[in-house]
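**Q** Structure in structure tokens, see below.
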Amino acid sequence: MTTFDRGEKPDIGTLVAFDHVRFVVGNAKQAAYWYCANFGFEPFAYKGLETGSRITAQHAIKQDKIVFVFESALLPDNTELGEHLVQHGDGVKDVCFEVEDLDSIVAHAKAAGATIVRDITEESDENGSVRFATLRTYGETDHTLLERKKYKGAFLPGFKPHPMPPTFFHSLPRVGLNFLDHCVGNQPDLQMAPAVEWYENILKFHRFWSVDDSMIHTEYSALRSIVVTNFEETIKMPINEPASSNKKAVSQIQEFVDYYGGSGVQHIALNTTDIITAIEALRARGCEFLSIPSSYYDNLRQRLSVSSMKIKEDMDRLQKLHILVDFDENGYLLQIFSKPCQDRPTLFLEIIQRQNHQGFGAGNFKALFESIELEQTKRGNLFYENVKDGQHK
């Protein structure tokens, strides 16, 4: 595991934070409802036929500082969204960043050779105006750079308050997720380095953390990962690629690439200050999470017994909830991973709590991989020659 220094502050504008994540889905209304019911979000903004949007419908949901937007086509000839949906299934299309000094960021991106999906545009309504531009990153994933300034609306121009009353969601256990911690992108083999270089060259990100397959492997599969971040280290983007194994198994990273149809967002990590309460609430709502064997907790207790690090949370409750623990001499983190959020084994969510620990759970990768490999076995996907027929290698 390697960590990096942030270096000098770039001489372009500031990428402030994650603003929102936009999904392309088959039915935005149903997808938004599912994430609200399962993960504790509430609908707050809407754009569709009733608001004058004739092309797509968008449902925006939020939980504290986390905002997800689900978009689907309204007309049958929308080839842009239709082709994306056929190729990738429901998934993340755009990870939007709030920025300051949009002009200088876009000017640098153009000079560095970025693909500009949409040049600087201004949109306005009665609440003010916002300016934005959209860049293409890995695969068909985009980053919209959004400059809000003094916009006073609930979300963005063109959106109106969501028509669905949140009364039902208030009757469910409160979850308590606070902000988007990091957003992970999976790449085909040998495509991690070009993706990382894109962030370094186009957005002036720096490397924050990395591991390779000598550390992260099981009997069957392995991965390599590099985390890139902005200068302020408020936006963290881990980039993964599969690594081959002696067993010739299909890594979870390769499985994602095969079913997503290329590079894309594998998972979104959501931060909480009380993961035990959050997971108890999420399980009560019907969320499904990966199962961790009891042997993991036996080993964890043994390692903690000879460490100066003390975990404040009750270990029996962590084990009952299948929450993973990683620690070093400075602090620890607690994390858990959902099962895929759609039929394709692609996007899932992570819930994470940090106690003076800025890593990404390297000590848990082996247990996590083994748990995912059990799920791959159930799907018939741990060994296959061709993803379409599932025949074993």
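Backbone N, Cα and C define each Cβ position, glycine as well.
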**Q** For the Fe cation site that Swiss-Prot assigns to His267, Glu350, which of His182, His206, His322 is also named?
**A** His182
**Q** I'd like to know the mean pLDDT over the domain 'VOC 2' (179-339).
**A** 92
**Q** How do the residues of the domain 'VOC 1' (17-148) split into helix, strand and coil according to DSSP?
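**A** The domain 'VOC 1' (17-148) comes out at 35 helix, 66 strand, 31 coil.
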**Q** In sequence order, which residues at least six apart in the same chain have a CB under 8 Å from the CB of Glu350 (Fe cation binding site)?
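**A** Non-local contacts for Glu350 (Fe cation binding site): Asp181, His267, Ile268, Ala269, Leu270, Gln335, Ile336, Phe337, Ser338.
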**Q** Neighbours of the Fe cation site His182, His267, Glu350: Cβ within 8 Å of the Cβ centroid, same chain, sequence order.
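**A** Other same-chain residues with Cβ inside the cutoff are Asp181, Cys183, Val184, Pro238, Gln266, Ile268, Ala269, Leu270, Phe337, Leu349, Ile352.
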